[in-house]
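Peer 1: Encoded as structure tokens, here's the structure I'll be asking about.
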């Protein structure tokens, strides 16, 4: 059994399948599919604990968002642990994490956002060309465009126009927010 679970290609495929199911939301990846495609000679009773172990390891690595030094320390500890993993399995897991870390992290970030977020912000200063009152023509106005949306969905755009008074009010509020954050961040 142990030799059958050693193959690096099979383990790499298993980790990819687990990532598809666990992090990317592809529900078609089942325990039976992984076993039949990657480890057909291993019984389901032998495969289940191995699958659970690899899934747990992958979830631990992803939830801690391990950098490569942390990963190496974690995998080294697992190789020394009774019933842990082999050094060959550790090498495959390390290689897998190095090539999939960014994509898994992005997927977890997208899953953790419940509401829409700010995707982009652009602004410019223009001269007002139309107004109800002729005295307001050619006065400077700040135009701000916000792109708001959730990953995987179409964005909405919000366009705001500020005169000089409103810009100063916004800047004052931002300064107050900055002061509040600085106060909260002061060591006690």
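Cβ coordinates come from backbone N, Cα and C, glycine included.
So Swiss-Prot lists these for the protein:
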| type | residues | note |
| --- | --- | --- |
| BINDING | 100, 109, 133 | Cu cation binding site |
| DOMAIN | 117-185 | domain 'COMM' |
| REGION | 1-122 | region 'Sufficient for interaction with SLC12A2' |
| REGION | 124-188 | region 'Required for binding to PtdIns(4,5)P2' |
Peer 1: The region 'Sufficient for interaction with SLC12A2' (1-122): mean pLDDT?
Peer 2: 88
Peer 1: Using Cβ atoms only, which residues of the same chain lie under 8 Å from residue 109 (Cu cation binding site) while being at least 6 residues apart in sequence?
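Peer 2: Listed in sequence order: nothing, so none.
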Peer 1: What residues, ordered by sequence, lie under 8 A Cβ-to-Cβ from residue 100 (Cu cation binding site) and sit at least six positions away in the same chain?
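Peer 2: Listed in sequence order, they are 15, 16, 19.
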Peer 1: What does the DSSP secondary structure composition of the region 'Sufficient for interaction with SLC12A2' (1-122) look like, as residue counts for helix, strand and coil?
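Peer 2: Summed over the region 'Sufficient for interaction with SLC12A2' (1-122), the classes give 82 helix, 6 strand, 34 coil.
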